[in-house]
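Visitor: TrEMBL lists these features:
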- 22-42: transmembrane segment (TRANSMEM)
- 33-274: domain 'G-protein coupled receptors family 1 profile' (DOMAIN)
- 49-68: transmembrane segment (TRANSMEM)
- 102-128: transmembrane segment (TRANSMEM)
- 140-161: transmembrane segment (TRANSMEM)
- 167-192: transmembrane segment (TRANSMEM)
- 213-235: transmembrane segment (TRANSMEM)
- 255-276: transmembrane segment (TRANSMEM)
Amino acid sequence: KNTSDFSLNITDCIQVVVPEEVFFTVAAAGILENLLILIAVVRNKNLHLPMYFFICSLAISDMLGSLYKTLENIFIILCELGYLTRHGDLEKKLDDAMDSMFILSLLGSIFSLLAIAADRYITIFYALRYHNIMTLRRALVILVIIWTFCAGSSIAIALFSYEAATIIPFTILFPLMMFFILCLYIHMFLLARSHAKKIASLTTSTVHQRTNMKGAITLTIFLGVFLCCWAPFVLHILLARFCPHNPYCACYMSIFHVNGTLIMCNSIIDPMIFAFRSPELRSTFKKMFYCSR
């Protein structure tokens, strides 16, 4: 707080505050929408496929992001009302737990997107061998490895966040993974046309190729939404760590609440993309709503 006040006095930037009603409404909508995705996949046996399991992993990451921002906002409100202090032992543990949840959500989203990208790559370029390469068991093993690594990393980073040796690898990981996924996309789209020509002689190859490319386009939309929603908040963390007293950094950090709201908007947009791009999910949602009625 002192750092923020000091910076605002230099830059005269006005702190942008998102109304609590808007904040909690967006968070609740994100949690409920992603919960519907998980329920739909569990209930529909036709969706018990590696691709949809990776999508469920992304949905869980989105839920954690909304939950993290909700708990953090509640924590701030309780501090302002005087029920909690900012420097107590209990408060420090709660803060570490929320930081760990935030990092878990970020890493989970990155690696889930990477898993979906790899799955789409195999589907497009190894279509005939896909079911032998990406079995359901291998997909579950991949998810266990991803979440075990993310959980361990989130705890370590939250506990040692004051160490530069911890912050630097974490900040490098975000652009590095995004660059790797982007390279995978470029390679995927550049070779997709030539690959389609090679298998065009097969009876169902054209339809199958269009379906796979549709999945690749959906994944591209996911990545774009993820970057737009998460990159501003990650930049805020970097600026708060490396230049908290710089006037220009302070001006950017004055929109902290807006950047936090963007994270929760990602949790709302992703399920909409699922529902809009997947006929199977749309059909499952309709059956769920009709049964509830």
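Including glycine, each Cβ sits where the backbone N, Cα and C put it.
Help me picture where these features are in the structure shown.
Guide: Within the chain carrying the transmembrane segment (49-68), a Cβ under 8 angstroms from the stretch's Cβ atoms is held by residues 26-28, 30-31, 34-35, 37-38, 41, 98, 101-102, 104-106, 108-109, 112-113, 115-116, 119-120, 123, 134-136, 138-140, 143, 146-147, 215, 222, 263-264, 266-267, 270-271, 274, all 6 or more beyond its ends.
Within the chain carrying the transmembrane segment (140-161), a Cβ under 8 angstroms from the stretch's Cβ atoms is held by residues 53-54, 57, 96-97, 99-101, 103-104, 107-108, 111-112, 115, 167, 170, all 6 or more beyond its ends.
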